[in-house]
Structure formats: C-alpha cells, structure tokens
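Structure first, commentary second.
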C-alpha cells in the first residue's frame, strides 16, 4: 500500500478533543450507570428492610426467593395465564370495537354527533366508579373481568381512530377522487393507512389502561389471576410473595408495549425517519 | 367537434362573513384533439380551479364542460390528472401507486405488473417500482405521478403545476421529457404553470388568465414547429420563442 494514501494514520491514535465520542462506548457507559444505580437501590432497600417488620416490608432477597418458589410451584404461571387470557381477549375485543366505532364516527357525521358526548364523558370519568354497578349486572366472574377491561380500553382507541380518520389530508382524498376510486378503495388504501399511526397510539394507551383494568377487576371481582395473588398474599401478610405478581405485571406491561411498538413500526415502514 | 369545450363556466367560492369570491367568471374555451394547452396567470386567476373543475375534482357554479360534445359531470377515466405536490400516497410504493389508479379503473390485477413496468419505463424509472415515495427525489416522484396518469390510458392529460416544486435542473429535464412524451403520444394536454418559459416551450396555445375575477385575458398561439423535443436547448434560441416569451411576459406584468 502506498504511504501517501494514508496521511491520517499517525493522528488516528492521538486523542482528538473535538472528536465525537465513540457511540458504542457512550452506550456502554450509560448502561453501566443504569445497572449500577439499580444495584445501589436494591442494596439500600435490602439494608433498610433488614430491621423492619417482616410482615409489612420484604427484602429484595426475600422477594427473589418467593418469586422462585411461586414459579416452581406453578402458581405464578397459572395466575399469569389466567390474567393474560382474559386480558388478551378483552384487549382484542376493545381494539376491534374501538376501530370500527372510530371509523364509523370519523366518516359519518351523524354517528359522530350522536356518540361523541358519551364517548368523551366516559373517557374522562373514573370508570372505577362504575365497577360495583357492573358487578350487579354481569356478576364477578370471567364476564365481569372482560367487560371491565373492554370498558377501560375501548375509549382511547375510539378517540384516536376518529382523530386519524377525520384528519386525512385532502390532497390524498383528491387522488382517490381524480382516479375514481370506489368507496371501499378509499377506506382501505387512503383513510385506513393514514389513520394507522393514530390508531396505534390509541392502542398503546388502551394497553396501559387495559392492564390497570385487569388488576382492578381481579382485586374487586373474582379475586383471581395475578391481581388475586397480590390480594391474597397481602391479606396473609406474606409481603414477599405479594411482590412476585407485581413484578410479573410490570414485566408484562413493558413487554406488551414493546410489542405494540414493533407492530407499529412494521406498518409505518413508509414513513421518513 | 372540439375534444373539450368549456362553456360560460363560473365558479363562486363561499367566504365566511362576506360576499362570495368569484374565482372564475364566464370562461369559454375550445381545445382540439391532440392539442397542448398551457394556462398561465398570476396567483388567484383561477387556472388551477379551472383544471380541477375539468377533472371533476370540483363542481362549477354554472356553465358546462363538454368532452367530445357530451357534458362531463364528475371525474372520468378519460382524464389523467397529475398533481402539483402530495400527488402520491406515501404508504404505497411507486408500483402500488400506479396499481391504485389501475384498480380504480377496474383493470384486472394480473395486468397491473406489465402495465406498471411499461409506464415506469416510459418515464425513465425502470426498476424503481418497489421504492416508496420518500426514497425518491422530487423529480422522480413527479415521474411516477405522470406514469400513473399514463397508466389508465386517458384521452387527455391534466397537469397542475407539475414541476413547480422542483429545482431548476430537474425542471428543465422533465420539461424536455414531457415534450418528447406528448409529441410521441399525441394526447390532448392541459398544463397549468406559473412559468412563461415552460408554457412557450411546451404548448401549442397559451391561455393567459387574469385574476379577480378569473377570466381568460388572451390566447396566444405558439408557432414553433413540432417535433420540438429534438431541438433541445436550441428551442430557446428560435425567434418565435423569444418573441412569444416577451409578449406573454409583458401581458403578465400588466396583470400583476
């Protein structure tokens, strides 16, 4: 290789104070900071809880052991399956219902005028207030759980879908008109893709609210699933065991949000970054 | 019989808290088959509104649009429209955007591939079918827009300031290709532009419009012989070109 072709070789090893920091090193530094903080927090908790009343406060090491026990016994797994099957069903129904109602409201002024006040009022009110009355109607079983999850999750989907559908750029609708696209084509190829990002952010909000609804429903109605475990172990003053399902709920909520984001990104491939 | 007749066309836009705005006032125009008509005029002269009414994107307040002597109400597959901007659906690839127009026309899906490939090749975008609009330059996006209009094999092409958003170089290249394309195909073309230069290069007749209310002020024939495409830059050196350019320029300056 020619020497003259590499004028930068010598200076490459020298530290350039103006150079951008290596992004990979920067990333690693940040990770170490975050993990370090977590370890420190857990250690402080362990230390502080050491002398506290074991009935009220659990140490991280106890929680880890309790979680392991519940995993081995299968109790945690069954509770998770119980909660998740109800949640997924409720969330799917709420999503479909929300998108259909949102589309109807966004494309039909009459439907919008009739439904809008109720949707907005119900979205804004604390729906927990309705749960006791709901229990009178649908009991305390599976149906009650599903109903509560749908009630909590459906409104953000409706509201975001309506916003997306109504905001469709007139320029895009003009394309449909100029080339005489059928109504079905305009819905499928213009309105639906345009509204997609709005729907997706509605789904993300619905996800959070749906998980809250699931736990609340399990607290108040059937005392089953992960919420049921939390209630039962708290009532039994087995604080360490009560923390295990809390951990699972936290992990699940984050994993599901990540999943929705992935789906969103898959459908949003056409957008500029 | 003219290919297109515009008869006493009037368009009023409602204005909130005020008298309605007269965008077009008694516009009459005959366009012969295969003719290339350019519309120029200051903003607010109604040239885009006129084009949109002919396409059926807007309705006239009064007056008629006749195509082959028959009144045209609303859009039709006999007219291919090229938009100024936002003309492509950003969530569809170039090929899918063309497929959209074909599906809307009812062309069987198994023919879409061949037609799309052919029209993309016509506008010099062979092999770019699977690109999304944001992966294409402004000039390439507009080529896709033209390809889409060509795909439905319209009798008439309507273009609304198609090169207005492009840089000077892309603009000139596309003008030249447009010239070659229309001279080969012999389609009737209605072309809205704010560039006198573009109008003189491309058109058989230039319609000069005046604003408030929008009226046809003059119709200027451009007698540069065809085919002009092979002239290239020399087109702009012809005496007819400079004479007509000067004439139109003076007319527009009076209107501003």
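Placement of Cβ uses the backbone N, Cα and C atoms for every residue, glycine included.
Taken from TrEMBL, the feature compositional bias 'Polar residues' applies to A:1-12.
Per TrEMBL, domain 'ABC transmembrane type-1' is recorded for A:80-260.
Feature annotation from TrEMBL assigns region 'Disordered' to A:1-25.
Taken from TrEMBL, the feature transmembrane segment applies to A:32-50 (among others).
Counting residues 6+ beyond its ends, the transmembrane segment (A:87-106) has Cβ neighbours under 8 Å at 112, 115-116, 119, 145-146, 148-150, 152-166, 187, 191, 195, 199, 202-203, 206-207, 210-211, 213-214 in the same chain. Residues or ranges marked as transmembrane segment in TrEMBL: A:87-106 (among others).
What TrEMBL lists as transmembrane segment is A:118-140 (among others).
If you look up TrEMBL, you'll see A:146-165 (among others) marked as transmembrane segment. The list of residues near the transmembrane segment (A:146-165) in space but at least 6 beyond its ends in sequence, with Cβ under 8 angstroms from a Cβ of it, reads 86-87, 89-91, 93-95, 97-99, 101-103, 105-107, 112, 119-120, 122-123, 127, 130-131, 134, 138, 191, 194-199, 201-203, 205-207, 209-210, 212-214, 216-217, 221.
Sequence annotations record features per position, and here TrEMBL assigns transmembrane segment to A:211-231 (among others).
Annotation comment: TrEMBL describes A:243-263 (among others) as transmembrane segment. Sequence-distant contacts of the transmembrane segment (A:243-263) (same chain, at least 6 residues past either end, Cβ-Cβ under 8 Å): 58, 63, 66-67, 70, 76, 79-80, 84, 200, 203-204, 207-208, 211, 215, 226-227, 229-230, 233.
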